[in-house]
Each structure stands twice: as structure tokens, then as C-alpha cells.
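Step one of this worksheet: look at the structure below.
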Amino acid sequence: MFLAQRSLCSLSGRAKFLKTISSSKILGFSTSAKMSLKFTNAKRIEGLDSNVWIEFTKLAADPSVVNLGQGFPDISPPTYVKEELSKIAAIDSLNQYTRGFGHPSLVKALSYLYEKLYQKQIDSNKEILVTVGAYGSLFNTIQALIDEGDEVILIVPFYDCYEPMVRMAGATPVFIPLRSKPVYGKRWSSSDWTLDPQELESKFNSKTKAIILNTPHNPLGKVYNREELQVIADLCIKYDTLCISDEVYEWLVYSGNKHLKIATFPGMWERTITIGSAGKTFSVTGWKLGWSIGPNHLIKHLQTVQQNTIYTCATPLQEALAQAFWIDIKRMDDPECYFNSLPKELEVKRDRMVRLLESVGLKPIVPDGGYFIIADVSLLDPDLSDMKNNEPYDYKFVKWMTKHKKLSAIPVSAFCNSETKSQFEKFVRFCFIKKDSTLDAAEEIIKAWSVQKS
């Protein structure tokens, strides 16, 4: 009897199990079909999945590749910057949350420094916001101030995240290219690339909410002069437009040039957000600290975005950065101040890259600022038949060069909208904030390549 009951229970249980499996299969297919619709991306990121840094950083990850692509230093940051972080990491209280809009000692140091540069008082609590890198500053600014239906003017070439950030806010990017003046019998300079004032004004209208300015410029290295900035300022005032001024390379300006802040122009402080970067200032890109400076009536909206997204930035990094700033603020007129010594060091590296590229018949555009140099590489004319045909020339060239020559760079058309890619697709960008040994290795590759061609 017991065995019979057990057998019946087993059969009953098996039947239930099979029924469950059968039902779950049916339900599983049904649920999967329904849920797959919910796995689709939000419309605001439609078409934004391609990213030049993801693609080309992966290619350059091979240790045998000389990486002149991504814009990070392989030179050492200042010793005192690293020492400050080491000391601060040992202080228990500085390993906890700090003020969400910027660690008190850091915003105080920033206000002291920028009051000298702006020649005006800056409220450290209301007019400065510390962010997760300059990216964080851009994101906060665009999310806080740009709305669906707005238009934002982007100057081509532009740093590649500008367009996706504008589109994610539901706004429309409006493009205007820098155009080169004719160059006869002299070196090509970033100052030869200018905006046409009439063409620029044609991009402004009642929907224009902002223009994004980048000076010193990435990737061209252009440093806008006073006359050029005045044209932009006049149009911003005339059309009641905001200016988002990306000035992360503000200290990296070379002989004969001067960095000017558009926020210091009459009528511009009240409509400008200026963006800075610790990574570019002290060669610590991995720290991911940036800041926004502007009037309280704008900064308060950026604070709203930050408090509801990342909330705060790393306390020990902010304290170490504050102490590093104070060290250099106290010696700003001294050649040893990093704000003065780094551009001098980089100018030598820039000139070396210019000579190298010219020696193999290429035509570089000599940058007046920043730490990138772009060059027309069409004369090298390699066989790119094994590369994908549906990509711009510079994408194919850089992939070919990385694979076959073990030298990486960044295609300049990545900094362009679709309509202007053809204007820049014969250019690639090299980064020269590198150790001499890295530049030596790049020189060997380029010179050997030139010999093979001849």
C-alpha cells in the first residue's frame, strides 16, 4: 500500500513538474517577447552608442603600440601633488563624504586663484561647483540649462562629447566650421583657422540657447584672440545667448599667445559658465576632478543636477588638489610654478613633433595651445584595402597604422558632424604630452616608415 501510494505520488509529482515546465516554457516565451520591448534604449540615446575613445583605446591597448592617441600624459605629475594625496589619505576624516558642491578648502583655493584672473570677487559657495572632471561640468551645465527644442551652436571640429550631450538634452546642435586661411610659404598654424563672423551670426536665432566655446581648442590647438572672442561675445549679448566656455587647457598656451577668458568681457559674466580641469592643470587625468565657474543664478541650477546625480566628489582628491593649488598660487610669478613650467616643457615637445612630421613630408598644423597636434597624412598614401570601406579615410588610416606600424593616433573626423567629416578626414591627431622615450619610439616608427616609402 505504501509503495502504491509512493508510486502514485511520484507520478502525480512528475505530472505537475511536466505541467509546470510546459507552462513556464509557454509563459517564458511570452514573457521574453514582452520584456524585450522594455530592454530597448531610451530614445534620448538613440544613435549615440559609437564612441571614438572606446574604439581606439582598445586598439592601442597592445603594449607594443606607441600610444599618441588618447590625451593623457605619461609624464609624471608634480611630486608635491602626489605627496599631498599620500598625506591626506592617512587622515581618517578626509576619507568620508564632503560638501556636495565642492570641498570647502578646494572651492576656497579656486575662488582665490580665479579672482586674480577675473579681477572680480567670486563667491566660493555660490559661484563655483566641483564636478567629476570637465565631463561632469559639461553634463551638469547642459542638463541644467538646455531644454528640448533649444539650439546649441557647436564649432567644428568640436570635442566629441558635445554633440551627444546636447542631443541627450533633447536640443538640436547647430554646426559652424573653422576654416583655414590660405597659407603660402609658411608653417600652417592653428591661428590660420577662423570663424567667418557673418556665417557665425547666421547660426543665431530666437531658439539659440547657447554656444559652446573651446579655447585653447581640442584638437586644433587654436587660442582665440581678443577680436575673435569679442565677435562671439557681441552675438551672445545680441541674441541673449549663454556661453559654455570649455577652458581645460587654459595654462597650456605657447609663446606669442595669451589665453583670454570670455567671461571677463563686458556683459558676459552673467551669461557664461567656464569649465576647468584638474587633470589638465596638474597632469592627473585619472583624478577626474573639474569645476564650473559662473554667476549664482546659473550655478545654482548646475548644483540641482549634481545633488540629484553624483552628489559629491572624492574628498581626499579634492583636499590634495586644494593643497597643490595653494603651493602654486603662492609662486605664480616663479618659473618653477607648474602653471609656468609645464607649457615651457610642452612647447619643446610640440616643436619636436612639428619637425618630425615635416621631415617625412607631412604638413602639421602648429598648435598655439593644448597638447595635441593634427597633421594631414594623405601624402603617406598606404594601402588600406584590408580596412572597412564604410569608414572615413582617417578612421581606416589610424586603424591601419596601429595594426601595421604600431603607432596610434585619433582620427580628426571623430570631432566633426556628418556634413563636415570630409573636410577633416585626411587629418589625424597626435598627443605630445609624453615622455621623451615615448616620443623617441614614435620618431623611430615614423622615420622608418618614410625610408620604406622612398
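Yeah, the Cβs are placed from backbone N, Cα and C, and that goes for glycine too.
Per Swiss-Prot, the feature substrate binding site maps to Gly71, Asn218, Arg429; the stated evidence is similarity to another entry. In sequence order, Asn218, Thr285, Tyr371, Phe372, Cys431, Ile433 constitute the residues six or more apart from Gly71 (substrate binding site) in its chain with CB-CB distances below 8 Å. In the three-state DSSP scheme, Gly71 (substrate binding site) falls into the coil class.
Following the DSSP three-state reduction, the secondary structure of Lys116 (N6-acetyllysine) is helix. For Lys116 (N6-acetyllysine), the same-chain residues 6+ apart in sequence whose C-beta sits under 8 angstroms from its C-beta are Met332. Look at Swiss-Prot and you will find Lys116 tagged as N6-acetyllysine.
What Swiss-Prot records for Lys116 is N6-succinyllysine, and it gives similarity to another entry as the kind of evidence.
Under the heading N6-(pyridoxal phosphate)lysine, Swiss-Prot lists Lys280, citing similarity to another entry as support. Around the Cβ of Lys280 (N6-(pyridoxal phosphate)lysine), 26 further Cβ atoms fall within 10 Å across all displayed protein chains.
In this entry, substrate is bound by Gly71, Asn218, Arg429, whose most widely separated C-alpha atoms sit 10 angstrom apart. The C-beta environment of Arg429 (substrate binding site), restricted to residues of the same chain at least 6 apart in sequence and closer than 8 Å, consists of Gly69, Pro219, Phe372, Ile373, Ile374, Ala409, Ile410, Pro411, Val412. In the structure as shown, the Cβ atom of Asn218 (substrate binding site) sits within 10 Å of 25 other Cβ atoms. Taken residue by residue with DSSP, Asn218 (substrate binding site) is part of neither helix nor strand, so it is coil.
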